[in-house]
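Participant: Structure incoming, see below.
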Amino acid sequence: MFNFKQLEIILEPQIWREAATQVFFALGLGFGGVIAFSSYNKRDNNCQFDAVLVSLINFFTSILATLVVFAVLGFKANVMNEKCIAQNSKMIATFMKMGNISEAFIPQYINFSAVTAEDYRIIYEIIKHVKQEEFSGLHLDPCNIEDELNKAVQGTGLAFITFTEAMTHFPASPFWSVMFFLMLINLGLGSMFGTVEGIITPAVETLKVKKEIATIICCLLAFCIGLVFVQHSGNYFVTMFDDYSATLPLLIVVILENIAVSFIYGIDKFMEDLTDMMGFAPNRYFYYMWKYISPLMLLSLLLATGVNMVLHSPGYDAWVKDKRYL
């Protein structure tokens, strides 16, 4: 059953910041990749049509990815919950044979060889009510599928732990595992093409260096920096870069870009440039979004994020060797 209290999470600024960051990553905003690629277009290219088309494709792709992700997480939670019910049902049957639990309390229609989630819930509540003082010593798990869903992780853990574990339960799991990691490799390469292009293009056009040389230097630097993430402590660096280097700074960069175009260069002059390029005036929707709506929303999000960071000190999860068995 859906818990409406979970909707309270949308009031947290961190959720909206991560949602905005996801949009920035998906569309390549703030990285310079879109600007670098668009610089190769013809002058009379219909950039308004391209912007709307790319946004719609990204939207439907995100919806598809969301369906896939939650379907896999739901499948894993259901499998783990069934495993939990089976294990605890065997424990209850053993307690009944040992006389710790009387068979008179268990409904006769329940078949312990195939206990459903509803049947187990009934048995669990009965035993919890009857064995109030001794219940904690039985070590029975409630086996709620909501608890399994709440165990879902995010970031690298989602891709390399949760999805990997879920795929072990798929039919022909080796095939799907190979396809999944090939998809991750292609996704990473595709993302880096745009990111590296956003670095190389300004360097080539400003410094007048050969594109091959700029590409080699950029890739070597990225490779050397990436070595930090493959150390034993690499996961900590990944978490810190993801939380504090690729989210809040990216939001600030996008805000500065918006202000530079709308107020420093001038939104009216920018609209005239687009009209001269495309041969027709862009929709007024873009004018009001660029000048009013987007800056206000982004600044509000930045302000809320700053307040949240002041009220809650930044931190990260750490593995404590002395407490690994607790």
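Any Cβ shown, glycine's included, is placed from N, Cα and C.
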Participant: Under TrEMBL, the annotation transmembrane segment belongs to which of these stretches: 20-40, 104-124?
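Facilitator: Within the set 20-40, 104-124, TrEMBL attaches transmembrane segment to 20-40.
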Participant: So which other residues, same chain and not among N58, L187, S191, have a Cβ within 8 Å of the centroid of the Cβ atoms at the Na(+) site?
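Facilitator: In sequence order, the nearby non-listed residues are F25, A26, G190.
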Participant: Among 52-73, 175-201, 213-234, 246-267, which stretch has the highest count of C-beta pairs below 8 Å with the transmembrane segment (20-40)?
Facilitator: 175-201
Participant: Do any residues of this chain, six or more beyond the ends of the transmembrane segment (52-73), have a C-beta under 8 angstroms from a C-beta of it, and if so which?
Facilitator: 22, 26-27, 149, 152, 158, 162-163, 166-167
Participant: Do any residues at least six apart in sequence from N58 (Na(+) binding site), in the same chain, have a Cβ closer than 8 Å to its Cβ, and if so which, in order?
Facilitator: A26, L27
